[in-house]
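As recorded in TrEMBL, the features of this protein are as follows:
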- 31-174: domain 'SIS' (DOMAIN)
- Lys49: site 'Catalytically relevant' (SITE)
- Glu101: site 'Catalytically relevant' (SITE)
- Glu142: site 'Catalytically relevant' (SITE)
- His183: site 'Catalytically relevant' (SITE)
- 268-324: domain 'CBS' (DOMAIN)
Amino acid sequence: MTDKFILILQLEAQSIERSIKHINAAQVAKAANYLLNCPGKIIVTGVGKSGIVARKIAATFTSTGKTAIYLSPCDALHGDLGIVDCTDVVMMLSHSGETEELLAILPHLHRRGVPLIALTGRLQSTLARSSTVVLNAGVDREACPLNLAPTASTTVAMAIGDALAMVVMEQRGITPEDFAINHPSGFLGKRLTLTVDTLMLPTVQLTPLQPDSNWTAIIAAITQGGAGAACVLQNSKLVGLITDGDLRRSLMHHAPERLNQLTAGDLMTKNPITIPIGTLAQNAIEIMEKNHRKPVSVLPITSSDGSFVGLLRLHDLVRIGLTS
């Protein structure tokens, strides 16, 4: 069973490799230029498994910032053709090149004057002869044992669609920052767009201390805030930070009768590392984990005038998948 599994993967991989030998460079360049310079929408259409691949190709273009949609050929014949105008480019997927639903909408697309890019396995098919650009998506056989289920052919069609989308993306000069704009919840989006103010514990959830706050107040502030730390303020400005680690060390280094005499000013780390509000969360975790003295687990956030606005926990950055 495992041997058969591997064989099928090899068949699909070989189909993509063979498709490279069938590349018509002029047709590829023509297709890429139509897609790159399309002032309207990229409309991708197909039926059955080819329709599923068409949806994926449209989604890939859209994710790179190029407006693309999937159009059902059946729905197109019942009103959805209204979405197509002369500024669009249409990509049509059909292994046989004779899919009835696609052929039925060809005259209507021709009347609109849109360029047609065909991805087909038969270069002499009706679809190929009716298209502006033809890309060979043919395969020697399907990976299916019966040579019936669309497998290798859909893999090749998807690979060609991916290649076109990536060529167009590169020509447009898309940067990681551009890409992240359309992927705010993905790993890259979080790295390049998520800022500390969306993750920090704001001051309303914390209990700031004064330099003269006593031992009891310090314990209460650290416990109630849930950050494992408390900030020491003077005139709304941050002057120090006390962590639960500082408390444990004070227990080790001071006699019990001395503890009640300690103040926040005695225990705090003066002038702690801070970052301004609006800092990327990715930059924050790098600061926290690569601090030259030791990694820090909490980081105070300050406003442009230096006022304390919140605490950022390393735990929250790690929880959403960020790493340095």
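Glycine is no exception: its Cβ is also placed from the backbone N, Cα and C atoms.
Taking each Cβ in turn and tallying the other Cβ atoms within 10 Å, the top scorer among the recorded sites Glu101, Glu142 is Glu142.
A distance of 26 Å separates the Cα atom of His183 (site 'Catalytically relevant') from that of Lys49 (site 'Catalytically relevant').
As a whole-number mean, the pLDDT of the domain 'CBS' (268-324) in this prediction is 85. The Cβ of Lys49 (site 'Catalytically relevant') lies under 8 Å from the Cβ of Pro150, Thr154, each of which sits 6+ residues away along the same chain. Here the Cβ of His183 (site 'Catalytically relevant') has 14 other Cβ atoms within 10 Å, regardless of which shown protein chain they belong to. Here the CA atom of Glu101 (site 'Catalytically relevant') lies 23 Å from the CA atom of Glu142 (site 'Catalytically relevant'). Classification of Glu101 (site 'Catalytically relevant') by DSSP places it within a helix. Secondary structure at Lys49 (site 'Catalytically relevant'), taken from DSSP and collapsed to helix, strand or coil, is helix.
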